[in-house]
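Following: one structure in structure tokens, then a few remarks.
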């Protein structure tokens, strides 16, 4: 096994070979010291976001074959990873106070206030204290009811800062609202010196130069916010009838930007069309004005025609709380219970009991935004926690499972149940290639695919079984048969595991699995009991075109009508077959099960035999035609990434130890992959007429198809190019049910529905029904 070690700046990457899955981290540090000349004390190793600590193994961190481990060289002055502590063992806290910024007191400016409910003239500005007004939220352009608490003189600098540094409770708008539900919005940087164009213009064109301190009636949690005169106007009070409306008139309407059929917020709108369809049915079309010259939403159809308000101009008779509420209707706070105070709802109230009582004893989770009664929690809480952030039991991370820098990994229950965890043997089982795990997975075809895998011609050879699994030809790393006992077998490996197997090339006798004691972590064992027609043996028998017979076996009525099986011959079978490859594992095409039967093998126990016969249009790789085709396609043994480099480095080290400096050159040349030029006489990939017609119809991807068709002459490389071009930008796999966007990207339909808004999910659901 080998891995790649890369410096944290990415400038140097070296291969560390001769490793095992059970290699300790301290042993890895010594190998890194020999390569990078960095002492183990100065090494900080990172893998997938975790700092690797001594005492653990590569298996504990799930380090795979040819994976990259990052190396950070610790300077001599760097503090240790664990928190500093004093002589008593307690953590030392920095005694230097945080820097403070000088800020003027809030009450240094002259202000005017009055008793609630009564109008009072502040002497400045156009509005009076306690006057009912409409205030615009500049973030969404909607208007909300508010009351003027006090009026203070404002400077241009203060107005600019107020508009460009909005924070909760100090800006001219409440927190972000969505259809009546309050959502917190992240604060912007308060150090911005230059406001946006619209904000600057509104400040410079301010008529009275005062600041209005306003309290929202529906959102008291925002406290008192500061606004200028451009975003404040007298409370709307006059409802306009349909006969009073005119095209081009600007009015205040209720509209939902996300769901136009439902009630939303109040916006300014310019009437663009009036249609008197019948006596009871009327239509009003408007364009929504969100505050700026470019912030306009056109062609909106109003739903609430009996709630169109006239916009009051400055100087209108002031209104106070004593004159009446003058409240406009908003959408319900909760769409599920319609804000019914008597109905239980687990969405707007306690998500455990659904009750709306004891609102002062409810906690809101800062992650899922769900409410919980203190007494509904498990265990219940007696008081509200003092922490600024609170998370419910579902969202809260278990601090005992968090691995901090300098700490060892937590005990994994999954690995504790593995046979290797309870095995008392000291054998190092982690060096085998069957233990490294896949570095990639075949997604071109599903795991239960029958027949050849696209892009894998007959004669393709891999060095290790794990590569065969990555290619999707034979998924199991160790098992000889891949299948399902209720479906059939998809592939098998002919490795000569039984001495009485017979291989004739186009036909061979295969022995089933089982009959050996492989308990614990064993890979091989002697026959100790009879085989049965279950599990993988039953799966292979289902491929035969005959009714299943678990006693006497069966012979197919038409062997070509059976289910196809992909056959891979291993170089281990050279001792019993001349058709096996000299190196690695070779894909030999499609075979069919002719018959299967039970018999007593040379081992003395009952085994199940299968007769398989080749049924493939591609020539066998040992025939003259197959050898010629393999040469045209340039097929040769495929090695894992980094394998040749690791073996070359190992040969160099062995040569140095032997003292023969010229010796390793020949070994290295044998390991180096041939750098032969690409043959011009390659076998081209042939497209059917249906495929060509479908490609011509895909005009949205014409450019990429033209690029891919240029690789037809390179055979299998054409399929790899198509897979690369039509890779989903979200999941980085071959697009499944691809959707081509306007920007010419191809995305899986499922990925598109997950990544975009709910509106698109509804759209794609409708497309699927069609």
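Glycine is no exception: its Cβ is also placed from the backbone N, Cα and C atoms.
According to TrEMBL, the feature compositional bias 'Polar residues' maps to 155-165.
Broken down by DSSP into helix, strand and coil, the domain 'Ubiquitin-like' (1-78) contains 15 helix, 24 strand, 39 coil. What TrEMBL records for 1-78 is domain 'Ubiquitin-like'.
Residues or ranges marked as domain 'PHD-type' in TrEMBL: 345-398.
Restricting the average to the domain 'YDG' (451-614) gives a pLDDT of 90. If you look up TrEMBL, you'll see 451-614 marked as domain 'YDG'.
The region 'Disordered' annotation in TrEMBL covers 76-120 (among others).
The annotation region 'Disordered' is assigned in TrEMBL to 155-209 (among others).
What TrEMBL records for 407-429 (among others) is region 'Disordered'.
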Q | Residues in the domain 'PHD-type' (345-398) grouped by DSSP into helix, strand and remaining coil | A | 6 helix, 7 strand, 41 coil
